[in-house]
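Beneath this line is the structure, given in structure tokens, with notes to follow.
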Amino acid sequence: MSPQTETKASVGFKAGVKDYKLTYHTPDYQTKDTDILAAFRVTPQPGVPPEEAGAAVAAESSTGTWTTVWTDGLTSLDRYKGRCYHIEPVAGEENQFIAYVAYPLDLFEEGSVTNMFTSIVGNVFGFKALRALRLEDLRIPTSYSKTFQGPPHGIQVERDKLNKYGRPLLGCTIKPKLGLSAKNYGRAVYECLRGGLDFTKDDENVNSQPFMRWRDRFVFCAEAIYKAQAETGEIKGHYLNATAGTCEEMIKRAVFARELGVPIVMHDYLTGGFTANTSLAHYCRDNGLLLHIHRAMHAVIDRQKNHGIHFRVLAKALRMSGGDHIHAGTVVGKLEGEREITLGFVDLLRDDYIEKDRSRGIYFTQDWVSLPGVLPVASGGIHVWHMPALTEIFGDDSVLQFGGGTLGHPWGNAPGAVANRVALEACVQARNEGRDLAREGNEIIREAAKWSPELAAACEVWKEIKFEFPAMDTL
């Protein structure tokens, strides 16, 4: 060992392992407006104090490692380290705590959701001192959110492009999701759009398979859109799924969609990845395409109550990365979604400023400044009897998407679309007249069905269909 090395190693450096809480648990810390704040649900291993567990999360997701290293002396840890500044027990849960961690903004690359998640959740979830760990919420400071483009267009620009105001938009996922030829697929799209829907949709796993290559699907769907527009006088769209095995192929598909003149493309943002999603969002902004986002794989990450990442965090990340629509559960359909939690992250998607509200799972006040909003999409196991509840829960700025609830109509796809459009228009009119959709919803649908045989047939088919299971993720 050289004398120079000995001198550096001996000044202020003591090798060995020390408790994380000595450095990273700082209960007196006053958070800054520029800090990224995180709320983690921490379940420590037996014998691990909550302060040590919270400090370990702060350390391992910022500057720390398992032992003291001499290169700590070459930088300012006080400037760059994450800090666990508050810990509170979770009411009604044994050995679970909410650990609040503050991260200095300089730890993160500007405009990169990928880098943000790599730091905050990239490594710490496998930490042995923790039995389980869940990221419940993030506070994104305005100084960081302003480094993101966000949604390609946002809610108001989309309404202006479509010339549709004062009601939710209606969609339909084409079924069967796999196996149709491109021509038959386009036929189903046309029938749904001419029946009164605003959009139809590729399912999340429709990419470019042997039974239907992407280019053929794009062409037949574009033909269906133009034919339906000519017949109805309304602007129509189909979410053409541009998700692909490489970013280059994804952009190539988006370019072809733009050349066809269609209004919207689609991406599976979790399986495709945030880097790919942000790239596609930038392309869509530059080329006038709307971007629909599917959240395929989300339940792998967010469904367990004590481990993973809550969807409200994934929703915030999507708003930063970019998307004009995102699937957000239904509350009333076949997929997971507790009402207050769902409404909490719906507000985080749409609104500019959202106050802290623990009753809805919102741990921090979030100010998005001028970042455009995202339309929540209600999809999964919904039908005409759900229309009053969906209209009341989600309001006008939403997309209500009926797959089986359109294509399962006994008279075919177009009558299924008519039934949904009539039900929606009836609910919107009743709401505008001051009627209570939650209390009078079934009566409103029955009244509309008297003059719409398509709606009457749909009401008869789905009158007994319910998906009543308790939500796994509750407050």
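Heads up, the Cβ atoms here are built off N, Cα and C, so glycines get one too.
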Have a look through Ser76, Ser370, Ser379 and flag the one Swiss-Prot assigns to the substrate site that Asn123, Thr173, Lys177, Arg295, His327 belong to.
Ser379
Looking at the recorded positions Asp203, Glu204, His294, His327, Ser379, which ones sit with their CA no more than 10 Å from the CA of Lys175 (active site, proton acceptor)?
Asp203
Filter the recorded positions Asp203, Glu204, His294 down to those whose C-alpha lies within 10 angstroms of the C-alpha of Lys177 (substrate binding site); answer none if the list is empty.
Asp203, Glu204
Tell me which of the binding-site residues Asn123, Ser379 sits in the most Cβ-dense spot, judged by other Cβ atoms within 10 Å.
Ser379
Relative to the Cα of Lys201 (Mg(2+) binding site), which of the binding-site residues Asn123, Thr173, Arg295, His327, Ser379 have a Cα no more than 10 Å away?
Thr173
Tell me, which binding-site residues from Asn123, Asp203, Glu204, His327 are within 10 Å of His294 (active site, proton acceptor) if we use the C-alpha atoms?
Asp203, Glu204, His327
Need this for a regression test: binding-site residues Asn123, Thr173, Ser379, filtered to those with Cα within 10 Å of Asp203 (Mg(2+) binding site). What's left?
Thr173
I need the CA-to-CA distance for His327 (substrate binding site) versus Glu204 (Mg(2+) binding site), whole Å please.
11
